[in-house]
Amino acid sequence: MAAVSSVASLRGADYENGLRGVAGPSDGGQDPGEDDPMGRGTLDLEMELLEQGRRSRRVGGRTTPGRRSGGRGGSGGGGAGGLEELEDEELEEEEPGELTGDQTIEDPELEAIKARVREMEEEAEKLKELQNEVEKQMNMSPPPGNAGPVIMSVEEKMEADARSIYVGNVDYGATAEELEAHFHGCGSVNRVTILCDKFTGHPKGFAYIEFCDKESVRTSLALDESLFRGRQIKVVPKRTNRPGISTTDRGFPRARYRARASSYSSRSRFYSGYTPRPRGRVYRGRARATSWYTPY
């Protein structure tokens, strides 16, 4: 029984000593850092949080109130976790800002390039439009030599024919200047026309000369059967082709003449008085049989 009582007394003493250790400085007046290791760990954690706050000031240039409150007010693990989250958020905010700055620098350059490309395209379209307009004007405007007859009315054409003559048996190498010089003494020459075959491009051997007045036509008839480039030319007033008129100045129907002209080789003696040298023989197979006779 004595052994049991001694064991019980020892356990009671140990229990009392444990209560004194938990009580801390209020019971014995000692420093909590000596008997309570948890108290010393809390101070060290606060010092570490302060050091981390100072480092964040050097990196970010400023500290938010949330860092200090998170470091001192929270527990050891909670304060450190909140500080790391705040630092990560600041880094994430700074990085997008840098990227946004780079984009703002590149965007004006791209816009300038696009604007320049648009200007070049507009200039190209304007040039195409100008070229099309010039081509249309060139196609619509006839040559100066053909502009007059195209716009002339029937009355004007008849009046011009009354001032013109037909010159036959003209040398194939003759030019308009030579014909104008040959008839220059008869009056002022307004225009000289030498007709050519549309298939071969060779001259047909006759020409038209238009004077400025009708008196010159009567004067030019004196040059009938005169020599021009070694040939005896035929000079007669130009006849105006009128629609609906089937007769000619020769006194026989025009349709009858054309029907016989298709076989002019067998009846060439009939027309030999008008044309000393039938010119239809030069264009064998290609020139029309009527080209040597029809002056108009």
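Just so it is clear, glycine is given a Cβ too, placed from its N, Cα and C backbone atoms.
Computed from a predicted structure; not experimentally measured.
The annotation coiled coil is assigned in Swiss-Prot to 107-141 on the grounds of sequence analysis.
Annotated compositional bias 'Gly residues' per Swiss-Prot: 71-82, in sequence order.
Per Swiss-Prot, the feature compositional bias 'Acidic residues' maps to 84-97.
The domain 'RRM' annotation in Swiss-Prot covers 163-240, and the record cites sequence analysis as its basis. Confidence across the domain 'RRM' (163-240), taken as the mean pLDDT and rounded to a whole number, stands at 90.
Residues or ranges marked as region 'Disordered' by Swiss-Prot: 1-106.
The region 'Necessary for homooligomerization' annotation in Swiss-Prot covers 146-296.
Residues in the domain 'RRM' (163-240) partition by DSSP class (helix H, G, I; strand E, B; coil) as 20 helix, 30 strand, 28 coil.
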